[in-house]
Each structure stands twice: as structure tokens, then as C-alpha cells.
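Student: So that we are looking at the same thing, I have put the structure below in C-alpha cells.
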Amino acid sequence: MKKNTRSKTDRDQWKVSVFAALVAFLTYASVYAYRKPFTVATFDELSYFGIRYQTLLIIFQGTGYMLSKFFGIRFMSELKRIGRWKTALTLIGIAWLSLFLFALLPPLPGLFCLLINGFALGFMWGIVFSYVEGRKATDFIGSVMAISFIFAGGFTRSVAKWLLLQWNVAEQWMPFVTGLIFILPLLLFIYLLERIPSPDTADIEQRTERIKMTAADRKQILGMFGAGLAIITGTYVFLTVIRDLRDNFMSQIWTDLGYAGDYGIFTRTETITSVIILIMVSLLVLVKKNMQAFRLIHLLIFAGFVMAGLSSYLFIIGLMNGAAWMQLVGLGLYMAYIPFNCIFFERMIAAFKLQGNAGFLMYIADSFGYAGTMLVMLAKELFIVEADWPSFYARAALFCAMAGIAGVLFSLAYFNRKYFLSKTSFYG
């Protein structure tokens, strides 16, 4: 009888996990429709302050995104579970309205529309993830949600390119129209987020309860793990730089590689990467011991940096073609980036039994990561780096990969020592 009851409970938990994973994935994939489509428009004829207009748009949106991450360190740690859907809808509404104003206003004021857009959307990852963290299946759910970075980035760009090429939508209106296509699905998905059951007692026992944090809670965690968080945040900066450069300038890179008229190239390459990453990361749900999983996550990030760096080196010296390089560098960086965004801090909290939530730690890393991206893009434009995007990006990826490899190894050593000391202290 007990066996049948346990079996039924397991089936019910599996159903909840699959439902939560699909809803989280579809929600955040739809959010991307308000963030990335403008990057496929080139605005070639426009330039201000010696910087191309499209690059300025990316910098302004990225600055807004970065500011939201700094603000979100406190906001996410104190996020109330009741009424999250209202916050999400308000932020999406602001982001979409900013795209409408972008279509109406002259180019220079349009920059500030993207700043507002980025600030509003920067909170959405933390809000959506708050619905699924602290569960035994969060590794699986989070990995499904996180591959929306990859799939949705390509898919929404394909939709945007399709609007430009097949429907002749003007470049300045294309971002708003793309958002219009996704508005009804997004409303449905946010409603379904609210239908996800809260973590049960078994989830809380294995992963600890995720609670609203006070200033004292935040100070305590920073005091305990300040050096380790500094190391991992520095590592994440390099990772975010190579991920965001590829994500924001993917259209230019593919164009320079000879794929200008192929609007399906984004979806094809990113879907392959999505499937591989989903399988790899979701398998971590099978690892029950949190510290063991935390170590494996470090090794997965290490392997991702190695793949991104090695493929870039082979492309630079001419031993790998552009299409294969873009596929492999993308696979490598997402092998590292996805674990950071969905399970690194999730397993850290569970392994060390911390009182808090993953959003607080994630937004610390994210804020500095986006700051790094903005600095690199400005440096390329202001110091007039004479290189096409494939050449520039390959070298940036190689440098960041080498720095990231060192950082993740230091992080692994630091947290291993912390865990050993905590066990030694506990057992006297």
C-alpha cells in the first residue's frame, strides 16, 4: 500500500515538474519577443557620436538591463510570492509600450525607449524563476526554462527577420509588431505560472525553503561567502561578455560569414544547441547529493569554457569554418551559461542550507556581468577596433574562455574548502 502511495506521489510530482518546466520555458521564451528582435535590424545608415545606431541601441538596452540587475539584488530577495503576476504584467506592458514609442519617436529619443525596455525586462528572469526554485526537480525545470535563452533568441529573431523580409515591416516598427504577435500567448503563460503548485514538504526537505530575505540575511550570506561570490562573479562577467556579444550581434556575425539572406539560420543552430544543453543539464536532477551536484556544475562550466575557447582558436587559425565555429562556440558558452542561470545558486543554497533565495545571488552576478558587456562594446566602438565581427568575437571568446577556466577552478577549490570546513565544524 505504501509502495503504491509513493508511486502515485512520484507520478504527481513528475506531472507538476513537466508542467512547471513547459510553462516557465514558454513564458520566458515569449518575453524574448520584447527584448531581442530589434537586433536583426541593421540601421546601417545611422550613426551618432561615432558609434553605429544599432550598437547604441544595444548599449542603451543593455544599460537598462544592467541597472535592473543591480536594483534587483534587493528587489528579488524581497519579492513577495503573492501578486507576482501583476508585477510581471506591469513590466511587460512597460517594455512593450517602450517599443511603441521607439517606433514613433526620432532615433535619438528612441535610445531612451530601449533603456526603459531593458530596465523593465531585466526583472523577468528572477520573477519567472521564483515560481520554480526550491524543488527536487528544479535542475530539470530550470534547464528547460533556461534553454529559452538559446531557442527563443533564435526563434524570435527568425520571426523578426520574417517580418522584415516577407512582410516588409519597417525596421523601427518591427520590434513592436513582434511583441504584438506574442502578447496573447504571454498572457496565457503568466496565468499558467500562477497555477504551478508551491514546493511540497519533500522539496523543502531536500532543497531548503525559499523565503523572502531581510537586509540581515543578505549581509550574513555575503559575510560567509564574499570571496567565493567575488570569484564566481568575476568568472560570470567573462562568460556574460562572450554570451551577450554573440547574442546581440548574431545577425552581423552570420551576415559577415555569408548567411545574410537565411532567416532560418538562427532557429536551426540554436535549436540544436538547446536540445543538447537540455539533456546535459537536466540529467543533474538524478544527482541527489547537493554538494556533489554543485561540483559537477563547476566541471560542466569548465568544459563549456574549454569548448568555446578551443573552437574559437581553431577558427582564428583557419582550421574550422564559420558555421561549425558558431555552432560549437554557442554550445560551449551555453554549457557554462545555462548552469549559472538555473542551477548553480540553486544547488549552492541547498548544499550549504542557506536561508534565502536564488534570485538574490543570481542578480549579484548578473549585474556585474552586464556591466562587463557594456564596457566591451563601448571599447570596440570608441577605440575603433578594426576587425569584422567574426574576427573580433573569436578573439574575445578565446580571451574570456581562458579567464573563465581559471575562475571556475578557483571557485571549485574555494567552495570545496568551505564545505569541508563546515562539516568539520559541525562534527566537532
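Glycine too: its Cβ is placed from the backbone N, Cα and C atoms.
Automatic prediction, not curation, is the source of TrEMBL annotations.
According to TrEMBL, the protein carries these features:
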- 16-34: transmembrane segment (TRANSMEM)
- 46-67: transmembrane segment (TRANSMEM)
- 88-105: transmembrane segment (TRANSMEM)
- 111-132: transmembrane segment (TRANSMEM)
- 139-160: transmembrane segment (TRANSMEM)
- 172-193: transmembrane segment (TRANSMEM)
- 221-243: transmembrane segment (TRANSMEM)
- 263-287: transmembrane segment (TRANSMEM)
- 299-319: transmembrane segment (TRANSMEM)
- 325-345: transmembrane segment (TRANSMEM)
- 357-380: transmembrane segment (TRANSMEM)
- 392-415: transmembrane segment (TRANSMEM)
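Distances, neighbours, how buried they are, the whole picture for these features please.
Tutor: Within the same chain, residues 31, 34-35, 38, 113-114, 116-117, 120-121, 123-124, 127-128, 170, 172-173, 175-176, 179, 183, 186-187, 190, 193 sit at least 6 positions outside the transmembrane segment (88-105) and bring their C-beta atoms closer than 8 Å to a C-beta of that stretch.
With a cut-off of 8 Å between Cβ atoms, the residues of this chain six or more beyond the transmembrane segment (111-132) that come close are 20-21, 24, 27-28, 31, 34-35, 38, 56-57, 60-69, 72, 75-76, 79, 81, 84, 87-88, 91-92, 94-95, 98-99, 101-102, 105, 138, 141-142, 145, 193, 196, 210, 341-342, 357-359, 362-363, 366.
With a threshold of 8 Å between CB atoms, the same-chain residues lying at least 6 positions outside the transmembrane segment (139-160) that come near it are 17, 20-22, 24-26, 28-33, 36-41, 128-129, 132-133, 174-175, 178, 181-182, 247, 250-251, 263-264, 266-271, 273-274, 277-278, 281-282, 284-285, 287, 293, 330, 334, 337-338, 341-343, 346-347.
Away from its own ends, the transmembrane segment (221-243) comes close to residues 301, 305, 308, 329, 333-334, 336-337, 340, 344, 352, 354, 356, 360-361, 364-366, 368-373, 376, 393, 396-397, 400-401, 403-404, 407-408, 410-411, 414-415, 418 of its chain (Cβ-Cβ under 8 Å, at least six residues beyond either end).
Same-chain residues lying 6 or more positions outside the transmembrane segment (299-319) and placing a CB less than 8 Å from one of its CB atoms are 235, 239, 242, 280-281, 325, 328-329, 331-337, 339-340, 344, 390-391, 394-395, 397-398, 400-402, 404-405, 408-409, 412.
Counting residues 6+ beyond its ends, the transmembrane segment (357-380) has Cβ neighbours under 8 Å at 55, 58-59, 62-63, 65-66, 69-70, 72-73, 75-77, 79, 125-126, 129-130, 133-134, 210-213, 218, 221, 229, 232-234, 236-241, 244-245, 248, 340-341, 345-346, 348-349, 392, 396 in the same chain.
Listed as Cβ neighbours of the transmembrane segment (392-415) (distance under 8 Å, sequence separation of 6 or more from its ends, same chain) are residues 227-228, 231-232, 234-235, 238-239, 241-242, 245-246, 249, 253, 294-295, 298-299, 301-302, 305-306, 308-310, 312-313, 315-316, 325, 329, 332-333, 336, 348, 376, 380, 385.
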Student: Using a Cβ cut-off under 8 Å, which residues of the same chain at least 6 positions beyond either end of the transmembrane segment (16-34) come close to it?
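Tutor: Distant contacts of the transmembrane segment (16-34): 92, 95-96, 99, 117, 121, 124-125, 128-129, 131-132, 135, 137, 140-142, 144-145, 147-149, 151-153, 155-156, 159, 175, 178-179, 181-182, 185-186, 189-190, 192-193, 195-197.
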